[in-house]
Each structure stands twice: as C-alpha cells, then as structure tokens.
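Undergrad: Quick one: this structure, given as structure tokens, is what I'll be asking you about.
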Amino acid sequence: MCSSFSNSQRSFQKRTSNFQVGVILDLKSVVGSMGLSCMSMALSDFYSIHSNYSTRLSLHVRDSQGQVIEAAAAGLDLLKNVKVDAILGPETSAQANFLMDLGDRAQVPIISFSATSPSLHTRTPYFVQATQGDDTQVGAIAAIVKAFRWSQVVIIYEDSEYGSGIVPYLSNAFQDVNAHISYRSVFPVSASDDFVLKELYKMMNLQTRVFVVHMSYTLGVRLFLKAKEIGMTEKGYAWIITSGLTDLVYLMDSDAAEAMQGVLGVKPLIPKSKQLNSFVNRLKKKSLEKSPGIGRADLSIFGLWAYDTLWALAMAAERVGLKETPKALENSSVNLNVSDLFNFKTSEVGPQLLKAMSEAKFEGLSGKFHLVDGKMESSSYQIINVVGNGQKEVGLWIPSHGIRREMNMNTTTHDTSSSENIRSIIWPGDSTVVPKGWEVPMSGKKLKIGVPVKAGFTDFVRVTRDGQANGRISGFYIDVFKSVMEALPYAVPYELVPFENPDGSSAGTYNDLIYQVFLRNYDGAIGDITITANRSKYVDFTLPFAEGGVLSIVPITYEDVNDIWAFLKPLKKELWLTSIAFFFLTGLTVWILEHRVNSAFRGPPSQHVGMIFYFPFSTLVFAHREKIVNNLARLVVVVWMFVILILSSTYTASLSSRLTVQRLQPSITDVNELIKNRDFVGCQEGSFIVDFLKKQGFEGSKIRTFTSPDDCDEALSRGSKNGGISAFYDVIPYSKLFLSKHCDKYMTVGPTHRTDGFAFAFRKGSPLVADVSRAVIELTENGKILEMEQNWLRNEPTCAGPEDSMNSITISLQSFKGLFAITGGVTAVCLLIFIGSYLYKYREFHRRISNSRITIWSKVVAICRHFDQRSLSSRQPQDKLPEAGIIQNSSSENSVQLTDFPRNHSNSSEIVSSAPEEVHDASATIHRLNLEDISAAQHSGVIHPSA
C-alpha cells in the first residue's frame, strides 16, 4: 500500500498543467508575423530555462486578416470552443476595442502588445495593455516643438480608434508649451490618392510648416509619397512622426525612405543588453530563413513587447499553479438572452492569471516589464532623424529631465527644452537650417495688408492717387512697417492694399478694418492703429512702435491784467480765507496774553476790538509800535512775523509777475467742467476716441468728429457756443504734431489718459506677430525708428509760441500748510500755557465763584471782569498804596475784604476810587448785581458779611 501511495505521489509531481492561450494576429502584416515569431521564440526560451516548471502554455493561433469581424469571430471561437484562459494580440485598437468586451464577460484576460490607444485600458480590468500607450509619447513630441520654438503645428491622423485616441493628449501637450494647433487633418483608413492630394494641397496653402503625423504604416507611407510628389518635403518643412511609424521606418522601400528624408520621429528607448543582442542575432537568422524581406525585424519594439508579454504570461501561469479541470456547472454560464453564440462559460483561472500578471516584474528585452493600472509603465523616448536608408539618434527625452543628448542623469543643464541638447539634424530638402515653422504659402500669394484711408490727418499714413493710377501709399508709419519687415531674418512677400471703396473714399472706421482682418479678407493691417481691448479680441497686435495716450487740447486765453480784482489772483481763495483767519487768531491771542500786563492793550471795549484787528495787520509792513511785555506773546509774534515775511514776499513776487509779464491760461482746466457745461468736444473721424469719450461721461450728441487738422483748428477757434468745440482729444503723436503748428493758440490740459500705442495687427494666431515684435524692439533700440521720425517731420512747420508767454500760476494753500501748522501750533501752545497759569494762580477765586449760588451768567461776568482787571505784578509795590484804612486786601489776592464800608452808598465810589484796581472792579460788579445777587454773594463769602 505504501508502494502504491509513493507511485501516486511521484506521478502527481511529474504531472504538468496546460494553460490554453489564444493568439489573434494578422499573420500577413509586419507586426503580426513578427509578433508570432517572437512569441514562439519566447515560449521556447522560457521553458528551456525553466524546464522544471509544472505549467505549460499552449498557443492557439487565429488569423484576423486585419478585420475586426474576423478578430471577433476568432475570439468567440477561442472562448466558446477552446475555452482559453487568456488571449494574446488583438493587433489593432479597433480589434481590441471589441474583444475586451468578450473578455470581460468571460473573465478572460485580453493582452495586447500592439494596441496603443490611450483609452483602451480604462474600459475594463480584463484588458492588459502590455505596450506603451500613445499618450506617453506626446511629452517627447511637445518637447521637440518647444525646443525649436515653433508656435504652430498641424496634426495629421487617421480616422480610427488608433488615430483619434492620441489627439486630446497632443492638444494638451502643445498647449503646455504655448504651441497652437492651426489645423487638424483627418484621413480615412482607406483614403484614396485623390483625397490624400486634396488634403495635402489644403495644408500646403496654410502658413504652418510643422506637421505631426500619427498614422498606421500603410497610410503613412502613402502620405509621404504624395507629399514628396507635390513638394512638401522640401526645405522649410518640418515633419514629426509618432512611434508607430518611427518603429517601422526600416521596412520602407527606397522610394518611401527617400520621401521621408529629414523626418523626425520618436520611439521608446530600448536599453542595450547581452540578452537583447543574442535575441537579435537569433531572430535575424530565423527571419532570413523564413522571409528574406524582413531582414531587420529585430529592430521593432513590437516584437520585443510580444516576447516580454508571453514571458510574463508564462510566469503568471506558474504562479497560479496546477489548474483543475473545471466542472460544467449550470450557474457558471452567462446567459445574455441574445443568442447561443454568446453562451460561454466564465473562466475560473482568468482572474488569477490577471492578478499574477499584474504583479509580474522583471527585466525583459524591451526594458523593465511592470504593469501599472493595466498598462505598461512609461519610459524614455529616443528622438530619431531619418537619414539615408536608416535613422540616427539625435537625442533622448526623459519624462523627468526633458531632452538630453545622452542618458546621463548626473549631468545638469540650465534649459532642458533647448535645441542645443539635440544633435545636428538633417532637415527635409537636405538642409541643416532649422525650419522657422511657418512661411507664406508657396502658391504665389502675397500677404494682403490693409491700410486705412483718410481725407486728413495724413502726416503719418497717406494714400494718394495720380489720375487713374493705383493709390500710392506712403508715410512715416508705412516706412516703419517696411523697415520692420526688412529686419526679419527671412523674406515675407506682401502687398499694401488701401481700405477704400471703389470711388477712393474710406471703406469704414479703424474698427471696420480690424474686423476685415478677422474675417480673413486681409492678412494684417498697419498704420496709426491703436491697441484697444476690444480690437484685441479679433486680431493679434505686435508690440507698439509709437507711444500711446490721449491728450486734451483747448484754446489759450490771455489773462486780463486790468481787472479790478487782479490783486486777488496771486493767491487762491482757500489761501486768502486761511490767512485772514490766522490774522484774527494771532491778534486775539496777543491781546489775551498782553491785556492784564500791558497798558497798550487796555482801554474801553472798542479799543480792544480795534487792537485785535490792527496789531496783526500792522505786522504786514512791520508798523506795529506796541511794546510786547509777555514772553509767550513775544514767541507768538516772532513766529507770526516769519510767516508774514514768507507770505508777503510770495504774494509780491506773484503779483508783480502778473502785472509785468503776459500770461497764458487754458480756457478749460477740467474735463468735468466740459461735461457739466455740456460743451461740445471733438476727435478724429473713425477713431476709437469716440468710445473713449463716451466712457469719460460725454454724451454722444456732444462729440463731433473731424477729417482734417484745419477743421479742428477752425472748430476750436469758434468755440462750443458758436458751433465749434471747446476741446479736441487725440492720441499723443497727433496731438504733438497739431500743437507744433498751433502752439500760439492751443495748449494741453488735464492728465494724459493712458492707452496703448500704435501697433501692427495680424490675424489671430499669426506666427508673424512674435517675429515682427522682436524686429520692432530691435529698430527701437538702435534708434532707427527715431531717425525715420526726424527725417519725416523735419520739414513740418513748427511754432515757437507767443513771445514772453508764461502759464498762469496761482498759489494754493498747499504751499503754506507747513507754515500755518507751525504758527498755529505755537499759538495754541502759548495760549494753553497762559490759561493754565491764570487758572492756577487764581484757583481760590474761581473755586468760590463756581460754588456760589449766583446765575451762570453772573459767574461768567464776574470771571470776565476779574480777567479784565490789571495784574498786580504790573503795578507799584503794596507799601506805596494809599492808606485809606477803610479798604484793605486780605492775605490772599483771591478775595477782597471790605471793612468799615459806609452805610450811605452815595459816596461809595469816592471811597473805592482810592483802592486798588481789583477793588474797583469788584465794587463795580457789586453795584450791578441785584439785591438777590448781593445776598447770595455775601452768603457765599465772596463779599465779607460786614459789607
């Protein structure tokens, strides 16, 4: 029994499990035949190395004949009858697109090494894209476009799943490098020669000369043969092909290879190895034996991917292990209720194989084999130049490092997108000059450049006619454009076409001309065209070659020096009012500071008021004779005298200048004044300034347009009230030219309204814009434009202006704010110090007044009369006062004590007259109080009860 078990165990160990693998290829195509050969070699190599493995792959080959229907039928046969565990090789994206649905229903992995459409792997987890998707190469193609600074490209692709899948990725990649797709040409897979020629002629008439081709091998060869036939592979053209074509260039015959001379291509980078060299030699030998025409099939990346794919599937099968023969279960079938054709069993091994293959990692012949989300991990790309009968590598593109000459991660370059990182290239037409990427179509057509036509304002752009002859176009800005075009590094044929009606009149405004460029009736427009936001929506502008900005021109008026109020004009109203206020403030402050100590500032109320106004005004001519006693008052007066000196000197100088020199002033000084008065304003006919003035607030009915400078001169001279205008608005160049002829009559007022300058306009996306802008910068920097301006305008009449004329200047408060701040501050500080000192010195008196029960008015009167009395510090000593004996000061100056006051009040004034002035004031206060006030005063202690 033991012997029997041992024999059974030995038999189980020797047993192998076969995995059924379907292969669907077009056996007559290059990729199909090459893929089958490589898979056959891979199967042999794998099991010769791993002879001890317990699993084996059995291949069941079906010929799709290049048809989707045949491929689908083969897939159904393999799934239903053979019951395969995996299917290899839907060769095209269209075939894979159908077969992946079958694989998803049967849970059988569909593995393709040649279907490269980026959208395939996202539809079902049972589709494995064991190849580089087309989306991985768009970065390399965009890097080439950026390196050579091409701004426009044309995409040519076939109308299939393979062709259209790459387009969205190409669009995004070109957008990232600021390249515009000027045209997309779609070719049917079975396009006729007539269709190919028609599309090529259409592209030949475009300005773009950079073409990116993404097509299958057969259609791509036909495209290049026809392109060479009509001259589209000559000097000046640039062609870039994707990896599908690049990888099969070596298979082309001599005619196709000659047509593709100078073409650039990209293909995945294959690392060199001993295993690869050995495989190449064996494959070449095998290929020569079977088909001498495929002598260099070892160079195809598709064959290497086929080899590595089968190797990965064999490793996955071994990882899954022994496979049990599945039992026929009723619930294992998928009934779709459509037809028995689609009634097949789901695979139990398929999900396991899919998982095992996704985890496979190894170094294959094509490089590192590793699937990420069901597709091959992206790698670097070679940049290939088709030369002679072969191709040469001119650079590498590494996803994280850009373009490099060699695969050296340690080297650093400042700009990885520069063409300096690419080796020398032979371009179409056997040229070594890098194509500029665009040019005028070679059909004899010249660029049609529109020029505005105007009856007047022709100093910069002029269209004249000699009898019935065509118009002659000249002018400063025309010469600028011609010089710019001559400065380009290449020749651009063009013709200047007046924008006019058959009768020679202008065909419209500047905006109309711009719109005609947008409609492609013109290739561009030149002249005195200002860049505006609205116009930039329809055309592309170059950099401006003339300064921008809008000025307001108004008539000059002469100031009347015989005006009776001329003496008030040197100072503005606010300065006059401020000066008068400070005169009064200074006089009042000096009176307050000097009143108690200086007899010159005492007297009846009328004298007080006169002194307050007289003293500060007398300082204007330093005629004040009053002696200043208080130190605080002296400080105030000193500072005020300094202000008066500056103010009077300025006023005198300004007034004398106004009376002795003829002065000019604008009739209008503010745009708001024009709008408020509803005055008429003017500008050039057809100019953007009409819209500009409306935005400023002018009514459309108040804007008048003119066709010549003479009409503007006449309208400004008449004025708005006499059928003319009050102001004329124009751009800076024309404003300067107008004023140079009429500077004795007009002047500019207000700010310069910022606008962009004059520039040349071209169609949207025109490649000329960048090069013309650079030429404008060059001519500006070397002074060429300035030299042309001087040559054109040197014969223009100039105006020296009126003799001894000056602009009127009125001094404003702003010029004296500092001085007024100083004197105001000093005055306020001195006044506060004096008031504080007074309140502190007589604090007891003010306390008794505030605590008394008399009315508020009586309190105010008492305080004012106390302040009005003369300070004792300015009187004679106490011992020299009259000894009346009936009135004496208390020990405190804050109270007045009356003793032995006579009962008869009739002679009280005689008695009090000999007392100090404080007593006089107190007595006068008492006499003027009514009986209730006297009683209240006695009770409060202000007056002694004995009184």
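Backbone N, Cα and C atoms are what each Cβ position is placed from, and that goes for glycine too.
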Undergrad: According to TrEMBL, region 'Disordered' applies to one of these ranges: 277-298, 695-716, 893-914. Which one is it?
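TA: Here TrEMBL associates region 'Disordered' with the stretch 893-914.
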Undergrad: Who are the chain neighbours of the transmembrane segment (575-593) in space, where the CB to CB distance is under 8 Å and they lie at least 6 residues beyond its ends?
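TA: Same-chain contacts beyond the ends: 568, 601, 608, 611-617, 628, 630, 632-633, 636-637, 640, 643, 647, 811-813, 815-816, 820, 823-824, 827, 830-831, 834.
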Undergrad: Near the transmembrane segment (635-653), which residues from the same chain, at least 6 beyond its ends, have a CB less than 8 A from one of its CBs?
TA: 570-571, 579, 582, 586, 589-590, 593, 616, 619-620, 622, 628, 811, 815-816, 819-820, 822-823, 826-827, 830
Undergrad: In this predicted model, what is the average pLDDT of the domain 'Ionotropic glutamate receptor C-terminal' (446-795)?
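TA: When the pLDDT values over the domain 'Ionotropic glutamate receptor C-terminal' (446-795) are averaged, the result is 82.
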Undergrad: Could you tally the C-beta atoms, other than its own, that fall within 10 angstroms of the C-beta of Cys743 (disulfide bond)?
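TA: The Cβ of Cys743 (disulfide bond) has 16 Cβ neighbours within 10 Å.
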